[in-house]
Amino acid sequence: MNKHFFPRLALINIRKNGKFYVPYMITCISTVAMFYIMRMISLNEGIENMPGSYSVVTILMLGTIVIGIFSVIFLFYTNSFLMKRRKKEIGLYNILGMEKKHIAKILFYETLFIGTATISVGLMCGILFSKLIFMLLFKILHFTIPLGFFVSKVSIVTTSVLFWGIFLLNLLYNLMQIHSSNPIDLLKGSSTGEKEPKSKNILALLGIAATGAGYYIALVTKSPLSAMYLFFITVVLVIIGTYCLFTAGSIMILKRLKQNKNYYYRTKNFTSISGMIYRMKQNAVGLANICILSTAVLVMVSTTVALYMGVDEQLENRCPNDVTITLGNPKDSEPGEIKDIVNKNAQKLGRNISNMFDYQYLEFYAERDGDRFITDGLNSVTSTNISDLYFITTEQYKKITGEDVSLKDREVLFYSCSKNKTDSFTLFDNNYNVKNNLDEFPIKEDYTAVFVDVYYIVAEENDVEEIYEKQLSEFKDDAAKYSYYAAFDVDGSKDEKKAFADSIYRDFTGSKEEIVDFRFESKQGLEEEFYAMIGGFLFLGIFLGLLFLSATVLIIYYKQISEGYDDRERFEIMQKVGMSRSEVKISIKSQIIKVFFLPLAMAIVHIAAAFKMITRLLLLFNLTNVWLFAICTAVTIAVFAVIYFIVYTLTARVYYKIVQ
């Protein structure tokens, strides 16, 4: 044969099957471009010099890994669909005299041409759009946009190696399919239907149990830390449940509908239900994939948008004052030194200090069991029942509030951030009577209150000292020391406030040889870090959301084409036996609506069940505004539903053309 015969035949095949290959190639190009852009940005040296760069780079590297793994799975999935549609064509080649090695050559050249075209165009698009995406990222992060254009050779090589590897795996899979099949099997490959599946009640019950267990965990989990630990388990349970419900539960429901004679023997229901039952195993996996991808898009976009829109609230919760300073085990002179440094810098930089307060306290953790705080070693304290205890003397309380409080021995004022009131409690085998349960406390709640129960306890100095000695004996090397806390606001612009905070930090740390336990936070510094981290999450959420959305659209498109070809002959028979064209169209519409909108409905149910758990997870980022997240979720669902409906409208037309 002519050496150009196989390459030319491969090109003819690609053109002839354009209805299948063009969407596949567009998806490959967009996936290549997205992987290159994510990889390039994560390696860009300009980010390393920005505040919060570590968070941004870590998030982007995570995104690169996710896109890489998803590309392998999704492109293999779509290749499997394409191979099934082409088995009849390949079988015909075999019948006409081509050997399997000749067919292998055709598949090799097809893979070579598609791989070369998609990787080259994808890299070109990635390079061209990388600057625009880079500018968008810096805008989200509130970074200064750098000048210049950056092309990453490392990213080009990494992207090329990954996607050529994917195409090679797909080629090997296709060759194995050809090698293991005979010509008759290949001729029937694209038209081989599934046998009517039997009801799998055990699998259906497993789906109900797995989904129910996932929902139950999501609804009853209260602690943000517990939510973080259990989230992955919940996701796995719901994914398993989704696949079981679509594959077995849907068959069980359809067979129940079939048993309802009044419903089943209506023309529009008869054709749609019988058709869906006949190939439900194949349909169900695709529907479950669409449902899971839709859920992923809704969760990622709604949470990241809510986090980004709530940055100011998160910042206020984390750092209510412009500057906060915490010093563990301070020397007697150090609180005074900090005040002197603050006043000196205020004079030097022309700033005015306001709302300044400071106090000393004792803090350690215990496990609350009713009215007892248990301290049997730190190892007994778990994340679900941990309590953070702050002990403040009446002298320090007066310093903060101006209120002179007189307490008896082992008598306290008690404040719980979670509003848990009590008349008395036991600690270190001593009983303490609560004189007054405070409704509010002058110190703004510690941001750790979203993770654990935080208690502020005011007592006389001798009682606090006794508690200090007791915990020293109990915890030994892990015992807490007295700590000093100072907070204040300062006037000026954001840059002036940041310069003032940086000056205080330099002056205090520069005068010390070593500071063991020192925490310094400025609202302006934290704002940069918050935008870096949360902006990175938003960028990743939008990026992955678009990737998963494109995957969802492609799965739906291929599903419609596949169903159209499978249904065409059957509906021709329906018309021949007496059904009118309008009846056939009604039947098609009934089936396509059920197939299309069931995954979306299920995804919305998943989101509703996960809503409470996600709000707990958002507390880890100091976002307490549930209404903000609810609005973001509702808007995301609405926008996604509109896109979903548009996809339905477009693919339904393709389906109708094939069937009719």
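Any Cβ shown, glycine's included, is placed from N, Cα and C.
According to TrEMBL:
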- 64-183: domain 'ABC3 transporter permease C-terminal' (DOMAIN)
- 21-41: transmembrane segment (TRANSMEM)
- 53-77: transmembrane segment (TRANSMEM)
- 106-129: transmembrane segment (TRANSMEM)
- 149-173: transmembrane segment (TRANSMEM)
- 202-221: transmembrane segment (TRANSMEM)
- 227-254: transmembrane segment (TRANSMEM)
- 286-311: transmembrane segment (TRANSMEM)
- 530-558: transmembrane segment (TRANSMEM)
- 595-614: transmembrane segment (TRANSMEM)
- 626-650: transmembrane segment (TRANSMEM)
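Tertiary proximity for the transmembrane segment (21-41) is limited to same-chain residues at least six positions away from its ends with a CB under 8 Å from its CB atoms, namely 14, 47, 60, 63-64, 67-68, 71, 74-75, 78-79, 82, 114, 117-119, 121-123, 125-127, 129-130, 133-134, 137, 150-152, 154-156, 158-159, 162-163, 543, 546-547, 550-551, 554, 557-558. Segment contact is absent for the transmembrane segment (530-558) and the transmembrane segment (149-173), given fewer than three CB pairs below 8 angstroms at sequence separation of 6 or more. Here the transmembrane segment (286-311) has long-range neighbours at 77, 140, 239, 242-243, 246-247, 250, 527, 530-531, 534-535, 537-538, 540-542, 544-545, 548-549, 551-552, 555-556, 559, 595, 598-600, 602-604, 606-607, 610, 614, 617-618, 621, 623, 625, 628-629, 632-633, 635-637, 640, 644, meaning same-chain residues at least 6 beyond its ends whose C-beta is under 8 angstroms from one of its own. The recorded stretches the transmembrane segment (595-614) and the transmembrane segment (149-173) do not share 3+ CB pairs below 8 A when only pairs 6 or more apart in sequence are counted, and are therefore not in contact. When the domain 'ABC3 transporter permease C-terminal' (64-183) is classified with DSSP, helix, strand and coil residues number 102 helix, 0 strand, 18 coil. The list of residues near the transmembrane segment (626-650) in space but at least 6 beyond its ends in sequence, with Cβ under 8 angstroms from a Cβ of it, reads 294, 297-298, 301-303, 305-306, 309-310, 313, 549, 553, 556-557, 592, 596-597, 600, 604, 607, 611, 614-615, 618.
The average pLDDT the prediction assigns to the domain 'ABC3 transporter permease C-terminal' (64-183) is 83.
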